[in-house]
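The compositional bias 'Polar residues' feature in TrEMBL is assigned to A:1-11, A:32-42, A:294-309. According to TrEMBL, the region 'Disordered' annotation covers A:1-48, A:288-360. The annotation compositional bias 'Basic and acidic residues' is assigned in TrEMBL to A:13-29. What TrEMBL lists as transmembrane segment is A:65-83, A:116-137, A:144-166, A:178-196, A:208-224, A:230-246, A:391-411, A:417-436.
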Amino acid sequence: MASALFNTDQNDNSERRRHDNSERRRNDNPESETNGQPQNNIQQVVEQDEEEDEELTLKYGAKHVIMLFVPVTLCMVVVVATIKSVSFYTRKDGQLIYTPFTEETETVGQRALNSILNAAIMISVIIVMTILLVVLYKYRCYKVIHGWLIISSLLLLFFFSFIYLGEVFKTYNVAMDYITLALMIWNFGVVGMICIHWKGPLRLQQAYLIMISALMALVFIKYLPEWTAWLILAVISVYDLVAVLCPKGPLRMLVETAQERNETLFPALIYSSTMVWLVNMAEEDPEAQRKASKNSTYDKQAPANQAQNEDAEADDGGFSQEWQQQRDSRIGPIESTPESRAAVQALPSNSQTSEDPEERGVKLGLGDFIFYSVLVGKASATASGDWNTTLACFVAILIGLCLTLLLLAIFKKALPALPISITFGLVFYFATDNLVQPFMDQLAFHQFYI
Amino acid sequence: MTLAVFFGCTFIAFGPALGLFLFTIARDPLRIIILIAGAFFWLVSLLLSSLIWFIAVKASDPNDEQLQKGLLIFGVMFSVLLQEAFRFLYYKLLRKAIEGLVALSEDGCSPISIQQMAYVAGVGFGLMSGAFSMINLLADALGPGTVGIYGDSQLYFLTSAFMTMVLIFLHTFWGILFFHGCENRRWWEIAAVVVMHLAVSGSTFCNPLYVGSLVPSYVLMAVAATWAYLLSGGSAQNVRRFLLCLQSGASPQPGS
C-alpha cells in the first residue's frame, strides 16, 4: 500500500532532473555536473533554472496544496456523509480476520491488551504485503503485481460498491430491481477499471480513485473496533515514516527503483493531480527503448539504427504507407523503426524550461486518502462531540497535509504524508472530544459566546 | 424545527461568510491556505482555553452551581484573551511568511499584502468560531423537537444564528484592525480589539435577554466595520461614488 507523497517530475528523464537542480543540491551532488553534454550548455540552463526554481518553489506550493486539499476534502465528505446517513457502517457486524481479538471484554486492561494485539497483527500484515510488493517489483514480476492490483480493484469497484449501493437504497427505502442494479454496477465497475488501469479523462480517474479510497475507508471504519482503529492509525503513521525515510525502507526502495528505471508507479495506487499517462506516452515501446538505449549511447543524435529490426516490419509506428512514400521522396529514405523512435524520444529535451510550472503535479498515495478518511470517519461515528470533533480533525488533517507539502517543496523527494496529519488528527480528536466538547456544551447551554 | 429552521439558520449564520469566501477567497490558493491556517490557530487557542477550564472544573466542587457558572465566565474571558494572543501569534507567522514570499518572488513584492492577509485571517478565525458555535445546533435543528418547551426562550436557534453571523463579521473586522495596529505599532488599536471582544462575549452573559447581547454586538459590529473600512483606505467619498455609480448606471469610475 503506497502511502507517500512526491513530485511528478521525479520520474521524468534523469537529464531533466539534473537540469532542475537548485543551487543547494548542485553543491551537494558534484556528480550531477557531468552528464555528457558540454559544460557551458549546463551553466546557462542551470543558472536560468536556479532563478526560476527559487521563484517556483512557493508558487508551486500554494496551487498544488489546493490541488490536494480538494480531493482529500471530497473523500472525507463522502465518508462522513455516508457514516452519518447509512447506519450499516456504524453497526457492529463482527470483525475482520486480521483483528481476531474482540474488544468486548470485562476489564479495561484486557481490552487494551486485545487492541494492542489486533494492531500488531494488522501492521504485520501490512508490512508483509508491502515487502512482498517491493520484492515483486524489484524482480520485475509485473504481471503478478498487475494481476494483484486488478483483482483488488475488481473487488472494490464491483463488490464493495454493490454493498454500498445496497445499503444506501435500504437507508432511503428505494425500491430497485436487480436488472437495473446489475447494469449500473457493471457500467460503474468497467469504466472504473478502464480509467484506473488504462487511460481515461483525468477528472474521471481522480473521481474513481477518490471513490475507491472512500469505499476502503468505510470498510475499515465498519470492521475495526474502536481502540484498535486508533492504535492502528498511530502505528501506521510511524511505519509510514520509517518505510519512506529509512534507506532500507520498502516504500523508499520502491520509489527509488521506479526512478532508476524511469517508470511511473502503478496508477492504481497513486492519486495524481496532473496527467500521468502523458509521461507514459514516451515509453510506449519499453522493449525497443531498452534495446535503443543499450546500443545507442554514443550516437543518440543518430535517428537511424538499423542494427535490430526483427520486429520492425510489424510495427510501422502509425505512419501510413502514403505518408512514408511522400517523406521518402522529399528527404530520402529513412526507416522509422521502434528503436529509432525510442531513441528520438529518449533525446534530452532542450526545451524543458518551456514546461509550464503549473502543470508539474504532485502525487499522493491512496493509502493516505484512506487513513485520513478513516480518522475523520471514526471521529464522526464515535465522538461525543460529534460535528465539532469531525471539523477539528478535518482542519488538523488539512494543516498537516499543508505542512507536508511545504516540506516536500523544500526537500524535493518522496515524503511520508501520514505522520504529521495523523498526529495532528489524533491529538485534536482526543483533545476536542474530551476537553473542548464539555466546554462548548456548557457554553451552548447558557448561550454564552466566546 | 426540521428543514426550514435548519436552512434558515444556516444561511443567516453562514450566508454572508460564504459570500465573502466565494467572492474574495476561493479563487486564490494562497488565501485558502491562510484561511485554513487561521482556523487552525483559533482551534488551538480554543483547545488550550478548554484545557484550563477543564482543569479548573475538575479541581472544584461539581455541585456548586454558582461556582460552576463563575468558572464558566472565567473560562470565557480567558478564552477571549487567548484567542487574541493567538491572533498576535498568527500575525507574527504571516509576517515571516511575507518575508519568505518576497524573497521567492521575481519582482521583489509579495503576491499578497499584509492587509489582505489580515482580512483572510479574520475570516478564518470567524468561520471556525462560528462553525464551532453553530454546527451542533444545526444538526439538532434537523431533527424533531420543540424549542423552549420547558420554558426557555423559543428564539434559541434564531438568536444563535444571528449571534454567530455577527461574530463572524466581528472577527473579520477585528483581524483587519488588529493587524493594522501591529503593523503601525498602534497599541491602542490592539487594546481596542481586545476590549471589544471582551465586551461582546460579556454581553452574551445576559442571554436569554437577547436585547442585552444582540443589540450591543450589532452596534459594535457597525463601529468595527466603519473603522476597518477607514483603515483599509475607504472613505465617505468612495461609498458615495460607488452608490451613485450604481444608481445612474454611468460608465464605471475608478471605484471604491
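Glycine residues also receive a Cβ, built from the backbone N, Cα and C atoms like all the rest.
If you count C-beta pairs under 8 angstroms between the transmembrane segment (A:65-83) and each of A:116-137, A:208-224, A:230-246, A:391-411, A:417-436, the highest count goes to A:208-224. Counting Cβ pairs closer than 8 Å and at least 6 residues apart in sequence, the transmembrane segment (A:230-246) and the transmembrane segment (A:116-137) reach three or more and so form a contact. Within the chain carrying the transmembrane segment (A:178-196), a Cβ under 8 angstroms from the stretch's Cβ atoms is held by residues 150, 153-154, 157-158, 161-162, 165, 204-205, 208-209, 211-212, 267-268, all 6 or more beyond its ends. Same-chain residues lying 6+ beyond the ends of the transmembrane segment (A:116-137) with a Cβ under 8 Å from its Cβ atoms: 1, 98-101, 144-145, 148, 225, 228, 231-232, 235-236, 239, 243, 250-251, 253-254, 257-258.
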